[in-house]
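Remarks on the structure that follows.
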Ligand SMILES: O=C(CO)[C@@H](O)[C@H](O)COP(=O)(O)O
């Protein structure tokens, strides 16, 4: 499967958000970080803002819910216009029920794991998901250092998906930049979230293409 790029809006200019998300319309997803100041120590946006972003975004929205009670909230984000909804396993009471609710609403189901959460916890329920997000930093903030120790989880997922023939997308998020792209792709990731690397660049669209090119090159090695 081709590499997909997903700029994270956490590093965009919130005063000019519509301009910034239009700038990266050459990417594949708009990664929208939803934080509640409980599951993570940061607060971003809620349903009405997500709804507006989905309206104005030239890209499909993946809502990354770093919030408590995704059993209640995840379907609400699908109804608000997110094409893909990523919720955290650590916060979910019934991850399979959430995944089924999302798919029933026509959204893609995706589950995220914090760096310390073992990957075994999703291996038995992998077919319920279109994508698994392996966090490569502790969720909450942009601009943190990439954690290479999370890579064995990416590889375990890729091996499991390949063995069963599942077209699973594997996303990584946190510290993805020119110097880490090859590492994540060689481990098995194919959806790359990048915040500060993209929106901190002088030309965000060109940076999306530069990261994509490095990733494609690594995937063909
Ligand atoms: O969800 C998060 C952080 O919790 C990420 O999406 C960050 O926004 C990624 O930022 P960079 O590490 O790429 O700067």
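Backbone N, Cα and C define each Cβ position, glycine as well.
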Out of 64, 72, which one does TrEMBL list together with 31, 33, 173 for divalent metal cation?
64
I need the neighbours of the divalent metal cation site defined by 31, 33, 64, 173. Which other residues of that chain put their C-beta within 8 angstroms of the C-beta centroid, in sequence order?
6, 8, 10, 32, 62, 66, 86, 133, 193, 195
Number of Cβ atoms other than its own within 10 Å, given for residue 33 (active site, proton acceptor):
24
Given a separation of at least six residues and a C-beta threshold under 8 Å, show me what packs close to residue 173 (active site, proton donor) in the same chain.
8, 31, 64, 112, 133, 134, 135, 136, 137, 139, 193
Out of 31, 64, which of these binding-site residues shows the lowest number of other CB atoms within 10 Å of its CB?
31
Take the Cβ of residue 175 (substrate binding site) and count every other Cβ within 10 Å, whichever protein chain it belongs to.
23
